[in-house]
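As structure tokens, the structure follows; a few thoughts come after it.
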Ligand code: ADP
Ligand code: MG
């Protein structure tokens, strides 16, 4: 079975950016740190050739204890070799979207809202290992239910849902603005997935420029997020615009990198 890795990094805002806001300092141990979580994907019935093949293979990765993964390599006529690794969090094949969010992500959102830190969540892994499932999950709004988050909703919608709930709670005290942008990096070209007049139009290209240590994208479209419903609509448009190429491993695989940036301003 394959697994994907979630990398998270938190780092302090630059002093200039932080100076405008009355922020609570981020504790030393939360600054500049990277956490690595592993999520083991279950074997999937049916689907692509790769997934069908998996059903007849040995389970390669198993969770050991709270934070360990044991990998077994089975080869014909050879004794099974195994290696053990430790991670910050290990999510087994029966882990839920909510568990992943609550264990590995929610503290980053708190740190960003309370302490003004920046946070990045990166999913890394081979095609078909569960990156899109973990990050986006199911993004179809359920028309029979006004409950927009479902058990299948991934990290991204849960983050936006919590940020919007925070904005609601603070409405009488603080002015909170949530901005969202979405770019795709495909063959080293950057495109704005919020640009273009219709969903079938190719998204407009962006040029990255380096200013000191910062990578900037002049002309990037940032949309203000008011409701979770609007996030669904924007997200569905962006997903449609994402370049999709079929691969042997995963029909839906886009073979591109997708980058969402969420800006939270508090005044
Ligand atoms: P990637 O984005 O890494 O290429 P996907 O997220 O598209 O991979 O996952 C490949 C397939 O496996 C999809 O059909 C997805 O729904 C399914 N899948 C991935 N992770 C899980 C999981 N933890 N539980 C159930 N199904 C999963
Ligand atoms: Mg994917």
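From the backbone N, Cα and C atoms, a Cβ is placed for every residue, glycine too.
TrEMBL labels come from automatic prediction, so no person has curated them.
The structure displayed is predicted, hence computed values, not measured ones.
Taken from TrEMBL as is:
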BINDING   125, 126, 127, 128, 129, 130, 131, 132  ATP binding site
DOMAIN    33-267  domain 'Kinesin motor'
Reduced DSSP assignment, residue 131 (ATP binding site): helix
Where the C-beta lies under 6 angstroms from ligand 2, the matching binding-site residues among 125, 126, 127, 131, 132: 131, 132
Other CB atoms, at most 10 A from the CB of residue 129 (ATP binding site): 21
Integer mean pLDDT for the domain 'Kinesin motor' (33-267): 87
Least buried by Cβ count (within 10 Å) of the binding-site residues 125, 128, 130: 125
Secondary structure of residue 126 (ATP binding site) (DSSP, helix/strand/coil): coil
Residue 132 (ATP binding site): tally of other CB atoms within 10 A of its CB: 21
